[in-house]
Each structure stands twice: as structure tokens, then as C-alpha cells.
């Protein structure tokens, strides 16, 4: 123990004299921990929020009745069910915006609500009366109150003018949820007489009339946990994506740790040998090194966990917004984490430190006490090492290829990328060394020769930092390409999808008919395009069925990926169906084949006549003729409409419709507004990716800076002889700077094909597996130049400090190199 | 009278009160908050004539109201059964009834079936304004969910144009875990008004309610008990009562009896137990011809005989009951001592039989123990 | 002749297995030690059967040409390297049979080495350097440490770092570190190789003085006949064996 203690003290004494090296190690480990634990925090937080939301309905155990075909439930149906003996409790869900932030508003009826259903403490200390009787109460989790910036008792205004009832905090309420009385919810959401689900209080007994008899098939019994399971499945890909990017960034951080630790190991070799010579056993040495790592992991890990929390908090709004917009998953805007997360953060710091330092530890364990005095052995070992690297690299590429050929899920998609990146990372130093060798061969002037040779000599010390840079740049090229490609595709697709100038949803079928007949008299309305929807499950996957007309608007604009010659005519005849790309991929559907769709009247088998892109939709979608839909799903509400309107008449028409029909129109928006919302969802989703991407680049810059700084002293000894032969310091500094830029540029050049391969993997493999759609693969040379410039700038900034330090080295300091020489 | 005040505390807690603090406060003013001030609500006034069929329906000006039916039944083998059907109305705030979910009324239903070995019960709630529960008068229909008490659209019995003719033929149904019943009711005598022409005093300081009964229902129908059908017939007693502040602040609970004498007379007595002063007793003697006679409070003696431990309480389930003026001196025994209504606010309610100077059967309700 | 006699003694002691009977207990015995190295030119035998013995308190100078195997012998004795054949006994314990752990303990507690390159730990102060091995061995003695520092004249250098000291000062600290542990055997590998002649003489004087004070056996590899002469005995390594004088 005493041995280990004094060895540890001695090992630690090194850092006092090498603070830059220590900083690199510390920062690297902290960053790796931060990125990992930050992403984990987001994932864990989101999952916890789903759990709480699910437990709102009695731990996901409450059954409920939901509309068979989507849409709303008429309140009369609730009463009808109660009078028939069905013990159901009404609820209405809807989203309200408060200062632009979405919150789920749920209206419940406290008297009939089953006891197991947990929306928090409904009674409070004033009883149910206060909750239900005007003005009522809004019950929300304390963190929701914080998100709203509201004090207890405040009446928070929702966007659009109305105010929530006075708010009351309740610990048991799921975050992001605003619970009000059913009547208040109907008023706030502008949906009088409408419900969205009926929670079953108790199983009906055998004498109770069956559901179909009472509701005529309008409602179906939703098994407990169905929605939760759907949400989990739908969001799984999103979280996996987040995890993968977090892991990638974490790996870049660990590269820094590895580089810094490797350098420290080299620098401490003499010290370690001395200690071994005076009687330190290798076991005690490794124990002390492990102790050092543990201390470091604890310190850097703690800092990393704090930074991770901060990172997660910063990303949370975007993550929450995308989860809400894409999947309807409610995630509270405030992180609440437990000790498990903290421990896992420290755990990853320790594990990361161990992995990054494993090489050093292994070497320490097997370190011969005497230095072998045969320099050729080093060269041979280096060659062996390079050969092994090349072999490993090939192996990684092969594994990547195998994952691509045989892999079938998102994990294999990431395995493709991992193999590609690993292979490239292993191969890059060899390529760089080769390039430098060619440079050396072609150089004639002595200084140029020295420049190339010296660069080659420096390569091992810098290779890890350059590899980190390579990965960061490749990720930037790849992800940047994907995001930009998606942006273009998405915008184009939106233009095709959103052709109608005005969209609206009527409160019910009767209202829809009234509005329809009114609109038919309006001269500015060029076409009225109704849509009806219902939901089915195809192979267990929730799938929307949308009925549409085969109007010219769609024939000429609706984006398609593939279609048979007379697709729209077949759809119009009612025996053709268009399927979304996601659905086609998931169920392996081929154009021209039949699709079996369950309907109330049995299985319907229309022909698949087209495949259309449906970006951002986590569910499958079928498009059929609206009349065909009405025949097979008579209860499907036909309440949404698109209007072709002369562009200059749009706003006038909307105003006129609103004043004419008021609450009969549930939603109305013009094309521009919908496009804005869609684009915002898109931006939210990729904001997180972009942020992690940028962080990766920053981290690689830190890696480069760390390597250069730690190399500084060694450089002095290498450069001093050149200086002694008469090359001025200024010139040497310039050459140093040039060298870094050259290496960076070379790295950037290698990163380009790697980045493109990555982008291709993302759009053609990962995206397909994660979301079910494939994006066109675009090239963005402008973006590459930007990234190259960014890389050079990054390297320039990283190299600046060491170079300035070098330029300021006094002749005396350089001369001392010789004094120390033996 | 049927003094089912206790359940009102449930309504007090659940009701959509404009001034909810009043309910919390009310909880310690008299039993079940029924001694709480009822500002804004109507008060019973002596001498107000009851009008039918109007007074079979709800009285929104009053805070509290109920439609209550208890029945003593037998199967073919003569085994005793008890059945209860109750609908309570509670207004959360005075004033006109508001539309839709904003309506201030809360409805609560209780249903029970008692045998010698079992006591099954159910409870259900409904908000006013949406149609889940309510009472109409023409025709008479009281319902909550699929529990219904309604007049049958048949010609009224001969000589029954007196009060209550609208209810001379009725049917009643309810269900709960393990039971489901549907019975036909028929009465050949008019309604009975308690107290002073339906004005029924509840305390010395003038608390009162409007209270009338139909004690002459004959009842028969089918009970499905755990999936097994049983044909039952017997006698039923309906109570209608409404008020706004029926109890004095110090009254803690009550014991209420409705008795069908084998000779055809009916007897209703109750005792309000006062924590600070004398208990308040009242009753009505109803002749076999339907003529009612209000009993003097000193004419009534109620003595607990044996006690039962139930749900952590001590309850006197057997009584000695004396009404000197009519020579009544009987001892009562429950059909099932464990007739415990473990509803949101629990009480004891079940069928009894009695022996002594007279014989017969009836119902007992005990609250505040 | 002296050397022969010693070797005979060693052989005799080995045969009888009795060291307690000797007037001066044998601290180091090397018997038939062999060692070769693999070089690009093939395997080269460095030691071809070396026999050597040292008693407590004895001081021996090991001389020889460059590459004669002096340092190799010293490293083998210190347990820093593995022999191919032969036996080494340090303070009665057989070095060749020890595990890494046992050898480390031997280096830590029984013997101490002074290197030509001083091999001080650059990140520790002189004070910490001197105390280092003793602390490692768990036998740090502050009184002895003070005495050593005083004798070696390191008093005003204690808070400096090795790079701030001259070669002679560094080597004085190195011998301080070696002796702080009170070894039974002190090994020195050309300790004055990096020092000028005057400094070397100063150092030797001090070193011999302190070594005498501890009573440990002292084996020093040196090129310098002048320095070798200051030790009790001189042996010469030539062609892989101890040369008969």
C-alpha cells in the first residue's frame, strides 16, 4: 500500500510540471463524459416523461375507448354509453401554445375518473368544487409551472387570447400536462361537445350491451399501454440516433484522452523506469496508475457530468419540440435526473479513461526495466505497427461492408458507419505518412527535405489528434450533406404536398356539410378538396388511411417516388391505393401487388399503384379515393378540406369563414402557416444533430491544441539543431505553422470521401432504418469548401498558441537543449 | 322521513361549489356538513302545500334532495332479501342551473342488495347538465347511468287521482358488481306526507325538510345475483325529501326505521343524536288505509340492544322500539348484521324484521357511528 | 591471487552452505553467470561464466573495456535483467529464481543502485528524491535522512528540482537516495561518467565516506583506474569472464 501511495504521489507530481498535458487529459475526459451523459440525460428524461404520461392513465393499465377512425367522440356518445351501463369517464386532449411552446391540455371529469388514473391531486385542499366550478383550476407539475414561469394561482394566457384557470401545482401530474375540467377544456380548445377518449372505469358485465351495439362501431376498446407502446416504438429510432451521435462525439473526446495519456506515458517513461529500478514492482506501478486514472475519472467525470447536464438542458427544448411535433411525445422542459444517471456518467468517465489508457497500462505492466539500446527495433516495431493498423483497417472496412450487406436494422446501420469511421481512422495516419514520404522524395532543398522528414517524424505524436479531426470533419461533411439534402428534398416535397392555399377542419360531419355548401357559392374558391381519414393497423403498425379526390391538383403536384402509368385513374376507380414509402419499406410492398387492408366489412385488397414520400410521418399512410373510403369506413369523419383559392383572396376568405362559422371550424390555416410549422419541426429535429456536430468539431480542435501543446517541448529538441545551423526562429515558426495547416488540409482531403460515404450511409441506410424513408443523395461542393476552411481555421487557432510560444523561445532556451544533451 | 344525511357529505366534498370553502367548513358543522349555512338556497316553510306531480321532480332552489327506495323481498322458499335504490342531488351553488359541464349539480346513485349472507352495493356519480343523470316529472323518470326509477305508462289504479297517482305503477332497475335487478312497483294508496303536511322538523331550533313517502308499494321482479336469477316479491317504501340546511350544527348522526307491520300499518321513526343536548325523535303512524298521524316526540323510545363490530366501528344492529300511543313494543333484528355501505361516505343500511307486540319487516339506517 | 582466494571462499561457502561461520558474511556471490544479446549481427555472448563474491563492508571496482559486460553484470546483480545461466546470491537470496515482485523487493530493500545518468525523478524535489526509495521500502528514517543530507552537502538544495542542479550535485542526491534505504549492497554504474575529474574526485570521496559509515558492500563499475584504486579491490572483466590478474 505504501508503495502504491508513494508511487501515486510521484506520478501525480508529473502533472504539476505539465499542466497543458493534464488539461488535455482532463478536458478530453470531461468532454467525453459530458457528451455521453448529456445525450443519456436527454434520453432518460424523455423516457421518464413518457412513463409519467403513460402512468397518468393508471400506470398504462386503464383501458379506454377511442374513435375507430380517428377524430373526435361526440359527447352524446359518452352519455349514451353511460346510460347503457358502460362506466366510462370522458377526456379531451389537445395542444395549447403558450408563448409558442406546446403544452398538452387534458380535460377530465373528476367524478367519474377511475381512482387509478393519476393526473395529480385533483381535489387539492379546496375540494373538487374548486377544480370544476368556474373559474376552475389548472393542475400542473411544479416543473411545468417553472416552464410557464407562473406562480401558483396565476391565470396563464394561452396564445390566441384565452387564459387558463388559475394554476395549482401538483407533484403527481405528468410534466408538460395541463389538467383542467372537461368543460373548461372544451371551451379552451374550442371544441364544445367533443371528447377525444373515454377512460373505462370498470369492465362491463355480461348483461351490458356490447360496444358495437351502443356506438355502431364508432369506438374501439384500446388495450392498456397501446399508445405508450406505439410512442416507444416510434421514438426509439430518434433516441437511437441521438445516442449514436452522442457516442460518436464521446469517442472523439476519448481520442483526446488517449492521445494525452499516451504522451504523458512517454514523458513519464524515464520516471517510471527509475522507480522500477529502485524497486517498484510492476503490480504496484499498475495499481498506482489505476489509482491515478480513478482520481482523474472522478474529477473529470464530475466536471463532465455537470457539463453534460448543462448540454442536455441547452438541447432539451429542441429535443422536446421535435418529439412533440413528430410523435406527440410529451417531454417536460425541465431536466430532472436521479443518482443513477450521475453514477452512470462517472462510470462512463472511468470506463472511458480505462479504455483510452489501456495501451499505456499494458505497456507499463510489461515494461522492461532496462531500455533496449537497439534503435532499429523501434523502426521495425513501427513498421509492424503500421502493418497491423492497415490490417485492422481492412478488417473494419470488411465488417462495415458485411453489416451493410446482411444488416437489417438501425443497429446494423450504425455498425456500417462505425466500421467505416474506424477503418478510416486506422488508415488515415498511414495515408498521411505515405503522402509525406512522397513529399520528402520530391523535395530537393535541404530545408524542404527537413520539413517533410520532420513532419513524418512528428506524425505519430499528432496522428491521434488528426484522426479526431478526421472523424469530426467527416461527420460534418456527412451529416451536413444529409441535413442539407433533406432540407432541399423536404422543401421541394412540401411544395408538392401543400398545393392547396387554405386548409381547414370542421368540428363534425354536419358542420362540414354546412361549410361545404357555403363554400360552393363562393366565387374565389376554385376547388374544394375534401379528405377523410381513418386509422387501421397493418401488421401491427398504426397506419393512416386518407381518402382524397383524384383532382388535377394532386395529379400534377402530389410527389410520388414510383407509380404505375394510370395510377390516379385506378385510385379514382377505387381499386388502386397509394402507399407511403415508410409503409412500403416496412411491409416490403411492391408496386402493382395487392395490399390486404382490414375493414369493418372484411379484408379489402386494392392494388398498389404508387409509392409516395411521406417525410416525418412516424406512422404508415395509405391514400385512396375518398368515396372508396366512405364505402368501407362509413363512420370515418370527412371533416378536413383543402381549398384552391385565388392567392390574393386567401386571407379574406379565412376571415370570412371564421366569422361565418366560428367554433364549427376546429382549425384553419393558410399554406404559408402550415409550411412554416412543418419547416420549424424540421429545424428542431436537426438542430440537435447540428449542435452535436459542431461540438465534435470543437472537441477535435481541442484535441489538436492538446497534442501540439504537449508536443511543444519535444519539438524544441528537434528544432534546435535546425536553428543552430542558421535557420531563424521566425522562419521555423512559419514552417511549424505551415506543417500543421498542411497536415490538416491533408486530413480534410481524406475526410471528404469518408464524409461522403458517411452521408450516403446516413441517407440510404440509417435514415431508412430509423424513419423508413430514403433521401436522395446530393453533393454540396460549396459546403465542402466551407468545411475545409473551417478545418484550417480550427487547426490554425489550435496551432497558434504553441507556435507563438515557439516563436518567443529565447536563443538561450534553444541553446540549453545542447547543454542538456549528453 | 328517511334521514340519509350522511351521504350528503360525499356530495359536499364532490360538489361543484362556487364557494368550496363552505363545504370544508361545513364538514365540522353538524353531521356531514348539513348544519352548514345555506345562503342563497331556499328554505322549507311550514304550510307550503306540496304539489304533484311537480314535487316528484327536482327542486333546484334547494341544495339537497333524494329519491329513495328500500324493499323487503322474499324468494319462493321464503328467504329474506333487501334491495336499495337511491338517487341524490346536490347543488354546488345556488341560482339558475347552468348549461352543459358548467352545471352546478352533482348526482350520486347508491344501489344495494342484501341477503342473510351477503351485502352487495354500488355507487356512481354524474355531473348535471349533460344528461348522464336527472329527474323528469311527466312522465316521472329518475336515472343515473343505466339505473332507472320510472313510472310505467299504464292507466292509474282506480280511485287514485290523489297525490302520487303518477307513481302508482313504476319500475326500478340498477346493477353493480355481482348483482343486477329490475322490479315492478305498484301502489294502491296515495302518498304519505310527514310532519306538518310534508314539512318535517329536524331540530329544536327549526331545521326542517320537505318529506313525503310512498310506503304501500308492492314489488316483484327478478334479481340476478352472481349470474343466478331469483324471482322475488315483497313490499317497498319510497322516500322523497329535500332541503337546504336540514340539520342543527350539533347533530352527529341518526337512526331511522321504516316498518311494514304484518297487519298492514306502516311506521316511520327516526332519532337524531345530538352531541350536546337532547336527541330529537320524530315519527309517523300510517294506518292500513293510508291515513297518517304525526307522532309526538315523547311517544317514541329507541333503545339499542346488541352491538356489532363493523369496519372499525361499533353499531347497534338490534333495537327495542316503543310507540306508547299505538301499543308498539317490538325488538328488531337485522337480516344481515353486516349491511355496511362502504361507499365514499359509509353508513349502515339494511332490511330488518321485528317481533313483540307486533310483527313485520322493514329497513334500518344508521349513520354517524 | 586475492580474487582467486575470494572465489575459492565463495565456492567453499557454497559447498558447505554455511555463511554464518564466515568472519565477514558474504553479501554477493555470483557463480558461473552467462548472458548474451541478440544483435543485427547475430547473438553475442557478453558474459561467459562470471564468478564474483563480495563480503559485507567490502568495496570492489569492476573494470573493463567498453562492451566488456560490466554494466550487464551490474544489471543482472540488481535484478534488472535476466541471466541465461549461473547463479546470483544477494544477501543469501538467489536473485535468478525471483519473480518480478521478489526482484523489485530486493532492489527496494536489500540493494541500491547509482546510475551514470543519475536517474532522479525530474518532477520531484531533491528532498523527495532522496527519500523516495526509503519511502517505497517503508523504512524512511528522518534522522538518517538528515544525516545523509548533511554529509552529502545537499542541505541548501533540498527544494530544488533535479534539472536545477549540476551533475555532481545530482549524483550526490542519487547516492543519497540509494543509501537512505540502508542497503546491504550498493551498486554504482560509472557514477562519475558524466562528471569532470575534480567533481568526480569530490564525489568519490564523499561516497566512500558515506558507504563506509553504513557498512554496506560496494560494487562500482568504472573506467577510471585512478578512481578504482581508491576501492579495496579491483577486478577486471575481459572477454566475458573475470580476468585473472
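Placed from the backbone N, Cα and C atoms, the Cβ positions cover glycine too.
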Which range is it, out of A:372-389, A:390-407, A:480-497, A:498-515, that shows up in TrEMBL as transmembrane segment?
A:390-407
Look up transmembrane segment in TrEMBL and report which of A:285-312, A:313-340, A:537-564 it refers to.
A:285-312
What range among A:242-264, A:587-609, A:610-632, A:633-655 does TrEMBL record as transmembrane segment?
A:242-264
For the transmembrane segment (A:459-479), which recorded stretch in the set A:390-407, A:740-767, A:787-807 gives the largest number of Cβ pairs separated by under 8 Å?
A:740-767
Cβ contacts under 8 Å made by the transmembrane segment (A:740-767) with residues that lie 6+ beyond its boundaries
241, 244, 404, 407, 410, 413-414, 416-417, 420-421, 424, 428, 431-432, 435, 455, 459, 462, 466, 469-470, 473-482, 485-486, 704, 708, 773-777, 779, 784, 787-788, 791-792, 794-796, 798-799, 803
Would you mind listing the long-range same-chain contacts of the transmembrane segment (A:390-407), meaning Cβ under 8 Å and 6+ residues beyond its ends?
413, 415-420, 422-424, 426-427, 430, 761, 765
